[in-house]
Every structure is written in C-alpha cells, then in structure tokens.
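Here is what TrEMBL records for this protein:
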DOMAIN    24-211  domain 'Glycoside hydrolase family 31 N-terminal'
DOMAIN    254-575  domain 'Glycoside hydrolase family 31 TIM barrel'
DOMAIN    584-668  domain 'Glycosyl hydrolase family 31 C-terminal'
DOMAIN    687-760  domain 'DUF5110'
Ligand code: GLC
C-alpha cells in the first residue's frame with residue numbers, strides 16, 4: 001500500500017515522507033509523543049478529541065541511511081523502512097514497539113456448510129461478519145504483554161487476547177465479557193511489557209476495532225472502516241506518564257463542584273414531585289447524607305426535552321427551591337431525541353434553523369425514541385451546539401443544578417440510524433458513520449458550555465456515550481448494568497480502564513440498574529461506590545426499590561456507614577481531582593499504576609487504589625465473609641479497621657463481615673478528612689482533620705492539600721489555598737516531627753485549626769513553638785489540635 005521511501009523533508013517538528021504510493025506525515029508533539037498520519041480517505045480533519053495541541057517537540061533529528069529513515073527525539077528513536085514499517089526504540093536501543101511484518105493469519109475457526117445458519121437459528125451469537133477495515137495497523141506482540149484502557153469495555157482489566165469494537169452501542173441486555181462494543185468509544189490503549197509502558201491513541205471516529213491478539217497471538221492490531229491513518233504513539237516508560245501523555249493530548253477532567261462528589265440518588269423515575277420530596281425527607285430523617293436527587297424522563301411533558309409535566313411538577317421552580325433549602329441539588333435528564341411535534345418550540349426552532357440531522361436528501365431524519373417520532377439535533381454543527389447550549393438555561397433557570405445526557409449513542413428504537421444520515425460536521429458535511437461515535441461527545445460539550453454560560457459555575461454534566469476527550473465536559477456512568485454480582489465485579493476493571501482512558505470522573509449505577517437488587521448486593525455495592533468519584537445509586541422502572549433504606553435495618557445502617565465515610569473523605573477525593581486536572585491521573589486506579597515494578601499487580605481485577613493512599617479490596621461474591629487481598633510490594637499497608645501494619649508484596653486473607661469492606665491505607669500517608677455532613681455546605685468547615693499514618697524510623701512523608709470555594713472558576717485566578725503537611729520520624733523512633741505549611745494563600749476562608757489523629761502512635765508530649773499542646777491518647781492513637789501553621793514536635 002505504501003511502497004518504497006522516495007523522499008523526505010523536515011519542517012520543524014514535522015517530517016513528510018513521500019512513499020511511492022502515498023505521503024506520510026510524522027509529527028513530534030513532545031519528545032515522548034509522536035503522531036503518524038496518512039490521508040487515506042479524506043483530507044485531514046480537525047481532531048474532535050484534541051482541541052488544543054501544544055507541540056513542545058524538543059530537538060528532532062532526521063537522517064536517511066541504508067533505505068531507512070531515522071527520526072530521533074530526545075526520548076525516542078523511530079526507524080521507518082520501506083512499506084511504512086515502523087520500529088520505535090528508547091534511547092538505550094530497546095525496541096518498544098514494532099510493526100508486524102509477517103502475514104496476518106487468523107486462528108482457525110472450524111465450522112462448515114450451513115452450520116452457521118443452523119446455529120444462528122437456535123439463537124447462538126456467532127462471530128460477527130467483521131466490517132471490512134480500510135485501515136489496519138498491525139504491531140508485533142511480545143510474549144509478556146498486558147493491555148489496558150479502551151474505555152468502558154466489559155471483561156477483565158487486561159485486554160490481551162480480546163477483540164473490541166468502537167461503535168457506541170446501547171444494548172440493554174446484561175453486559176457480559178463477549179460484548180465487543182459498549183456505550184463509549186475511546187480508541188486508546190496502554191501496553192505494558194517488561195515493566196515498560198507505552199500507549200497508542202488512534203484518533204479516528206469511524207467504527208474501529210482493536211484486536212489485542214485474538215486474531216493471532218503473534219500480533220495485535222487496530223483499524224477502522226474509513227477515515228485516515230492518524231495515530232499517536234505515547235511513550236511512558238511509566239503507565240502514569242502514558243496517561244499523562246494521553247490527557248496532555250485530549251485534556252483532563254476539570255475540577256468539579258464539591259457537591260458533585262456527594263452521594264447521589266436516582267431512580268427511573270421520582271415523580272410526581274411528592275415522591276421526590278418524600279425521598280429527600282427520608283434521607284434527612286434517616287440521617288443518611290445525600291446531595292443530589294435525579295429526575296428521569298417522567299418529569300417531562302410527553303418526553304419533550306426542556307419541558308415539565310405540569311401535572312406531576314406544577315411548580316418546578318418552587319419545588320427545586322424548597323429542596324435546595326434542605327441541601328438537595330436536582331439533576332434532570334435531557335435526551336437528544338426531540339419529539340416531532342409542530343408547535344413544540346424546541347422542534348420548531350430546530351426545523352426552522354436546520355439544526356437536525358437529515359437523510360441524504362436533506363430531509364430531517366426521523367427515528368423513534370421515548371417521545372415516539374423524534375429528530376436528532378446535529379451536534380456536529382457548531383450553530384446547533386450553541387442553540388442546545390442556550391437551551392440549558394431553561395433548566396438552570398428552574399433551579400436545576402446539573403444535566404444528565406442519556407441515549408446519545410445515539411439510541412434509536414426503530415432500527416439503527418442508516419449510514420447515510422447526513423451531518424454538518426462543522427461545515428465539512430459527512431455521514432453518520434463519521435459522527436456516530438462523537439455524537440454524545442458533542443452533546444456533552446454543548447451541555448457543558450450552556451451550563452457554564454448560564455451559571456458561571458463549574459458545570460455538572462453526566463453522559464452515557466462519549467469519545468476520547470469527553471472528560472473535558474462530562475462525567476460518565478457505565479450505562480444500564482444490572483443488579484448482578486457479576487456486574488458489581490465487572491464494574492471494577494471497567495472503572496479502572498475508564499480512568500486509564502482519561503475518564504477520571506466516572507461511576508456505575510450503584511446497586512445495579514436492571515433486575516432486582518438484594519440487600520446483600522446493595523450492601524457490598526455501596527462499599528465500592530463510596531470510593532468511586534461518581535457515587536450514584538440508580539435503578540430502573542419496575543425493579544424493586546433500591547434506596548439505602550429499601551431493604552432492612554442492617555442494609556440501611558451499612559449504607560449510612562459507607563455514605564458517611566464518603567463524606568469524611570471528601571477533601572481527599574477533591575485533592576485527587578485537583579491533581580488530576582494537571583496530571584490526568586484518575587481517582588480509581590489499578591494497582592499497577594503505582595506498582596509497575598510488581599508484576600503481581602498486573603491482573604488484579606478486584607482491588608483498586610482510590611488515589612495513591614487508599615487500597616480498596618471489596619467483597620464482590622455473594623455470601624463471602626472473607627477474601628484474599630494482595631498488598632503491592634514496595635510499601636507497607638495499614639488495615640483501616642484494625643490499624644495493623646502489613647508488609648507489601650504479600651497475599652493475606654481478610655475476614656469481612658457484611659458491614660466490612662477491606663480497606664488499607666498506605667503507610668506514611670495523610671488522609672485529610674471533613675466532619676460528616678448531611679450535604680456539602682451544611683457545615684462551615686473551619687477545621688481540617690488529618691488522619692496520619694506515620695512513616696517508619698528515619699523516613700518522611702508529605703501530602704499536599706487543596707482548598708477553594710468548591711464551585712466557581714475563581715480558583716483559576718489563584719483563589720485557592722494549598723497546604724503542605726509533612727511528617728518525619730527520627731532515626732531512633734523517639735520523635736515524630738510534623739509540619740503544616742501554607743504554600744499558596746489565595747482563598748480567604750482558610751482553616752482555623754487542624755486536628756490530628758496519629759495512628760499507631762502513643763505520644764508522651766506534643767509541642768509547638770516551644771509550648772505544650774494538650775493531647776489525648778486512646779489505645780493506639782494520639783489526638784490533638786493546633787490553630788496555626790508551623791512545626792510540631794511529638795515525643796513518643
Ligand atoms: C436509559 C438510561 C437509564 C434511564 C432510562 C430512562 O436506559 O441508561 O439510566 O433511567 O434510560 O431514562
């Protein structure tokens with residue numbers, strides 16, 4: 001397809017290679033990130049995932065010898081041979097990744113004659129006739145490779161040996177490992193081999209596939225049915241750097257409002273309004289914290305988006321205002337499908353201004369969703385996005401605090417949208433095949449921008465469908481899971497892979513959406529939910545009630561316990577998200593992200609790190625009252641419940657009664673805590689608690705804590721505080737030094753005092769600025785408070 005190298009020229013960070021058949025452009029974005037591009041089907045499009053590319057390529061040297069073009073960046077050596085065969089080395093000469101040069105020979109699949117038809121008749125789902133790929137990039141598989149990322153795909157953490165499709169799909173049947181496509185398309189994966197890591201981001205919005213060695217274990221490949229060859233190699237060598245590189249390209253999730261990290265309660269549907277009020281009051285009566293209530297499709301007038309059903313919600317402004325006074329935010333669902341209905345203003349405006357997707361003859365295209373016949377706003381048209389953004393004000397003016405975008409794969413009840421449905425594509429008209437995977441992305445972008453204009457606060461958007469880069473606009477949930485233990489189990493690798501794919505703010509429907517939850521399943525699920533950035537319980541119409549109190553007293557008290565723990569951890573989660581905004585590192589992390597040198601972490605599916613300091617090993621088996629926990633090598637771990645210190649690199653059996661979720665805190669760390677509140681903002685928080693897990697003799701630890709108003713964009717202008725806490729234990733082990741430093745002082749409402757809980761520490765004296773500080777020792781913990789910054793000496 002490419003032929004021999006005929007010419008090459010360098011223009012700054014770009015190298016243009018003339019092959020016999022086609023031109024290839026290689027662009028060095030940073031010394032570790034390189035883009036490979038060839039125009040296969042059309043001119044280069046503006047990337048929909050990468051909106052602000054800032055190349056900082058460093059030195060780039062190019063030379064041609066022995067029929068090979070060698071490109072040298074400050075980190076990589078890229079060797080390009082005839083036929084566009086690429087080999088990428090690090091500076092030590094180690095091959096990181098190389099194109100596969102052998103023949104592509106799929107594994108044998110036996111079956112003959114009409115067997116296929118007969119098996120299909122019984123209902124067996126056989127391997128799909130794969131759509132022909134117009135682009136295919138094959139890379140050599142090494143023996144010990146592990147793959148991660150790829151968004152929300154089902155199955156295990158390690159994607160090696162599986163085949164996936166990127167085609168946003170709404171399939172409500174129970175999600176299982178054999179699903180190739182899900183709601184989201186994030187064509188990015190991370191490879192780990194011999195403790196070194198790199199990633200590939202294939203920026204192509206058409207249907208694409210990722211075969212991670214399923215076709216043949218000698219190679220893995222990615223490809224697409226149309227569009228261009230346009231991919232990025234992102235070097236680590238740490239997985240953290242690969243995630244950092246990917247989010248450098250596609251953006252990070254902006255810091256959310258603090259209340260969005262509170263507990264959220266959803267149901268299809270809380271209506272009429274009395275039911276919504278009843279739910280709100282029950283939370284307060286039962287002393288279960290909650291910040292957000294959702295309104296699903298039934299609040300609308302005949303499923304017309306941006307309207308209210310006046311019978312069920314006669315005065316939404318009043319209702320929402322009253323709920324606000326009780327500390328509840330209300331988030332409403334907005335689907336893309338606009339009811340075909342003359343006289344309905346949204347429909348009329350859309351028709352008049354040509355804002356809807358059309359068929360190939362430019363007649364507005366109609367399919368069916370909740371409201372019956374419906375049209376699809378063309379979010380790929382900037383004007384339509386602006387219109388949609390303006391519409392958000394209808395909701396925010398009524399007091400709505402955030403918008404939930406659903407059904408934006410887009411879903412359709414009358415068969416799939418035909419390929420030739422036509423979209424504006426910001427002036428470069430194209431068809432559904434190119435827009436499908438970015439439809440939800442564009443919808444969330446429009447929603448985000450609209451809420452930002454209307455409220456000037458950090459928008460809260462939640463979307464089901466997305467593409468690479470959607471993290472800049474929206475949080476996501478993993479769609480219609482079911483109340484199945486298998487789905488609780490699977491949510492862990494799903495969330496970990498979403499996090500590695502740039503989507504750091506994500507969650508699942510806690511308790512499961514479809515099917516009936518059980519008391520035990522909800523008890524275990526809430527223990528996971530308490531650590532996921534989006535913590536939302538949601539269930540389907542006609543399933544049994546699933547609120548925290550819907551089962552029995554024990555389940556209710558387990559829900560209360562973990563939701564309260566969540567509220568204590570709010571400043572910790574907020575710190576992670578603050579750091580994430582610059583590093584791209586997610587909240588939910590697979591163990592391997594921090595323990596890449598410990599191969600035993602590579603396939604841990606049922607444990608995760610929440611930030612760097614908390615390891616959660618939830619029970620995800622019905623009836624289990626104990627489980628095996630792996631604690632990664634390189635650190636010591638403290639059992640959160642018993643405070644016992646355990647060496648890393650070990651497998652332990654942890655007993656876990658129904659109300660106990662095994663949690664381990666990394667030794668030598670700080671956890672900033674807030675008092676429990678019924679909702680964010682209930683209490684004026686002027687004291688920060690520091691739950692300290694002191695370092696070993698001769699060791700130190702530091703922690704950086706961030707504080708701002710929790711809602712506005714003022715932090716971008718410096719209106720925030722940054723504190724640094726550090727701890728050092730003397731070589732003799734007789735003394736512990738703590739220090740509190742304010743590194744940035746920009747937010748007026750700082751803390752007035754700091755309360756310390758020193759775990760596994762019995763202090764005999766605490767002094768600050770030469771003065772004794774009163775302290776208390778209870779069992780193995782020391783408690784005291786100080787009112788200023790500075791150094792604290794603790795005699796042990
Ligand atoms: C879809 C959503 C679900 C929602 C339902 C009704 O199935 O995934 O969360 O409750 O539609 O709007």
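Counting starts with 1 at the first residue shown.
Just so you know, glycine gets a Cβ as well, placed from its N, Cα and C.
Automated prediction, rather than curation, is the source of TrEMBL annotations.
When the domain 'Glycosyl hydrolase family 31 C-terminal' (584-668) is classified with DSSP, helix, strand and coil residues number 6 helix, 31 strand, 48 coil. The domain 'DUF5110' (687-760): residue composition by secondary structure is 4 helix, 42 strand, 28 coil, according to DSSP. Mean model confidence of the domain 'Glycoside hydrolase family 31 TIM barrel' (254-575) amounts to 98 (pLDDT, 0 to 100 scale).
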